[in-house]
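Asks: So TrEMBL says this about it:
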| type | residues | note |
| --- | --- | --- |
| DOMAIN | 163-238 | domain 'Glycoside hydrolase family 31 N-terminal' |
| DOMAIN | 279-583 | domain 'Glycoside hydrolase family 31 TIM barrel' |
| DOMAIN | 591-667 | domain 'Glycosyl hydrolase family 31 C-terminal' |
| DOMAIN | 685-753 | domain 'DUF5110' |
Amino acid sequence: MVDKLAVLFSGRVSGVLGLTPKHQIRAPAASTPNGSSGLVLNLKKLNSLHLTELLFRTPAFSSLGSIRNNRVNERLIGKRLMVSKMAEHEGTSVTSDATSGNMVFEPILGEGIFRFDCSAADRNAAFPSLSFVNPKDRETPIIKSDKLPSYTPTFECVLKQQIVTVELPRGTSFYGTGEVSGPLERTGKRVFTWNTDAWGYGTGTTSLYQSHPWVLAVLPNGESLGILADTTRRCEIDLRKESTLKLISPSSYPIITFGPFTSPIDVLTSLSHAVGTVFMPPKWSLGYQQCRWSYDSDARVREIANTFREKAIPCDVIWMDIDYMDGFRCFTFDKERFPDPKSLVKDLHRSGFKAIWMLDPGIKSEEGYFVYDSGSDRDIWSRARLWWANLVKDFIPNGVDGIWNDMNEPAVFKAVTKTMPESNIHKGDADLGGCQNHFHYHNVYGMLMARSTYDGMKLANEDKRPFVLTRAGFIGSQRYAATWTGDNLSTWEHLHMSISMVLQLGLSGQPLSGPDIGGFAGNATPKLFGRWMGVGAMFPFCRGHSEMDTIDHEPWSFGEECEEVCRLALKRRYRLLPHIYTLFYLAHTRGIPVAAPTFFADPKDPLLRTNENSFMLGPLLVYASTLPDQGADQLAHTLPKGIWLSFDFDDSHPDLPAFYLQGGSIIPFGPPYQHVGEANLTDDLSLLVALDEHGKAKGVLFEDNGDGYEYTKGGYLLTTYVAELESSVVNVRVSKTEGAWERPRRRLHVQLLLGKGAVVDAWGTDGEVLQIVMPSEEEMSNLVSESKKKYKTRMENVKHIPNLEKVSGDKGVELSKTPVELKNGEWALKVVPWIGGRIISMEHLPSGTQWLHSRVDVNGYEEYSGTEYRSAGCTEEYTVINRDLEQAGEAESLRLEGDIGGGLAFERQIYIREDNPKVFQIESSIVARKVGAGSGGFSRLVCLRVHPTFTLLHPTESFISFFSVDGSKQEIWPDSSEQLYEGDRRPNGEWMLVDKCLGFSLVNRFNVSKVYKCLIHWGTGTVNLELWSEERPVSRQSPLRISHEYEVRRIS
């Protein structure tokens, strides 16, 4: 969350950043199996913080050297290591001294799963696995296995980096890579696994909140292969070369491959055997959930809850953000705004709501604060897991149904790296990797914290399933927590991207995820919010959330038309909860995804592999439109091969997705409850049936108490229903049951789909054979015709959501407008003329790098007209004066102009040149338009300032480099303060932002005769490289101009 200060502390070794003791704050250390716990502070509006080292420690720990020596002595496995027959040097092992070659392997865990290492010595030197649910499985070879891997990775060791390459057949498609923005199919992309607070991320952001060093490769024939780089350290996943996977991370780490198997589902099932399956969520957590930063009082929370029930909009959960706390102290409540949380939650429960409370577990260093005192008295900071779990346990009786862990990347505001120093020492247990710096433990911090919170909730009540939501995670986090896609934007681009992001997480082992519906940052428009709710209601995790200082984002906040769409969308979700809950049971027990890409229906079809507007919930296909001017009814639906029958619940709407059921399938559904607690096992049960080409269909329904663990002891009912056409009669019956529950006495309602929305309804008793007489051809034709007519009438009479361009709100940001794009083979730029003419995207396509740090209404590339920080030019509306395509010497150009008052205007021309496509050029000017004669034709005193905000993808590996006018070489790193260069100290017409990890630099060249000052300002994960003109009045004859250009250059 923006505007939160997130700081990490704990441990006996501390570093004080010039702060006084009364402002010190501490946080426990990250979770270990033996008692330590990883936690992060997340606070708002604190002025001074104390930053100390994070320690992973239990009473007994070993140094890295002793760990590695002991492990090498205990298990030399070189004699078991083999090289695939496909390897270049058959039958030989690569020694630890080798710098390149084919990796050696051993079969582990199960059929088709292999571990690869550079050598036997490297295998013994690898750190323990933190992704495997049972780390010993990775270390234990299967003795009786003669199967050889189909693909053998090669390796190269360069400068302590292990570079692994896997070459696959031409036509292979790549997916997975965890929580990533951008397209579904990942060929051409590069990702860095480094958990990052990425507020307002874009399509080109390379590191988000979670790390999944995992790739799912779908081969041309539909078979699939999974590749896991089992390392906690920063890992580059490079998919820019077609059908080639490259993994780069510090030595040594193993590669685990899964398959090739027949289908991608088989790969994910195999992966779950290694990293575990999703925890079984309580059923209420699958209902709709309403959140905001913040509902700032118990009165406001009650108002929100009452409004949901008054308007008959289904909802199960209301969330409390950090403002419920007393002075942002964890495990406390503000005595004025939340004086009686137990009473509040009692009222919520009475209305069918659960309450989830945020715990960003930073502990304020303040004597008299009971949490700090209890930790200090026992010196708990370095071994805090049970201590934290017990705090959670004692917190639960206040009316806490679930816990939300945020900012646990770990995020640190006011630090250029956005996290704690990589040099911080963590005294971890041997089975975590021992005493290591933060670089080793950073990516698992959030997962270990979520685990501690999960354990604490179980301690509080072993008869209830914990529900934890975590922002940061690692592959395997699904064992303890759900997740969401972080601080997204209220834009159509982020709506579209949310589908792929949810799917990628599911393809990486985390099926319980969803976005902030409507967008977290910025103001949604009615149509955007309604459309997002339509598709968001079908995501595995379904929550609306928005930040402070935005307009209200509840379902009723955008007018009655949008409210009705939201009501219909959420009623759909609640009707389908029996099916969604069944999918989660299958995900929990078998490791299959809940939401899957459409190509899962036919992995061999290459046309389906890039489909980003649809996804599957089991055999249910959801087809949505993410275009503002095109509803789902206007979208061309690309369906997999076979039978796909459309249906609805008499609720079709242009802003709601279309539904299709795959032939051969049966799915259950129920009444549209207002909350999960309304459901009763004796309520009517409904089945949707779609016969295949053989006249058969099959489906399952899982039922239990919806909470607790009786299902693990047989306390459930798993029913397999089948339907079969015999002569002209369809028989629907129970073919198999599992579990100790007796079948409830209830009516059974079957809807047999005929196509084009037509259905045949029949009623019976659940557990008995239900017979449906198929209609004749003439009757069938009449039913289809009637269905089409009914659908057409409904679509003609629906109340459309107004397509408003502007949203009036606290920020007044018009997020619904579409940016102007300029693009060639090298660059893709996006400009928003309506707010400061700012450039919000500067993506270098060959490297897949987004250089700008921006959102629509702040940062990016701006220009100012004065020396004060935010002068005229950064928010005024610009007009596109001209846009030319393929003019002489230019591939594309864009000319903008903005009135900045006092008779002055900004002019900017952006060129992407045809004669040198690697470069794009910007010419900026302040010109006099209507300067009065009384001033002699001269304006006020102005200074043209070019102010781009660049993102630091790897802050500790990035710096500014240039030669000054006086010939001296300069390297300026993020730990330096703001620097202003003038005179002979100015860059001599060129400076560059160098990213050593990327291997690229962004070069900025300019006319030094027009640039009087150059300023470098380091922010949190950002840097500004400002160019200043001279400061003077301008006239029509004497404008201020700066001409400069950008190019990406590979560094050696």
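Placement of Cβ uses the backbone N, Cα and C atoms for every residue, glycine included.
All TrEMBL annotations are machine predictions without curation.
In the displayed structure, how are the listed features positioned relative to their neighbours?
Replies: Model confidence over the domain 'Glycosyl hydrolase family 31 C-terminal' (591-667) is summarised by a mean pLDDT of 96.
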Asks: Of the stretches 163-238, 591-667, 685-753, which racks up the most C-beta pairs under 8 Å with the domain 'Glycoside hydrolase family 31 TIM barrel' (279-583)?
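Replies: Selected stretch: 163-238, with the most Cβ pairs under 8 Å.
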Asks: Using DSSP, break the domain 'Glycosyl hydrolase family 31 C-terminal' (591-667) down into helix, strand and coil residues and give each count.
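Replies: Secondary-structure composition of the domain 'Glycosyl hydrolase family 31 C-terminal' (591-667): 10 helix, 25 strand, 42 coil.
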Asks: For a three-state summary based on DSSP, what are the helix, strand and coil counts in the domain 'DUF5110' (685-753)?
Replies: 4 helix, 41 strand, 24 coil
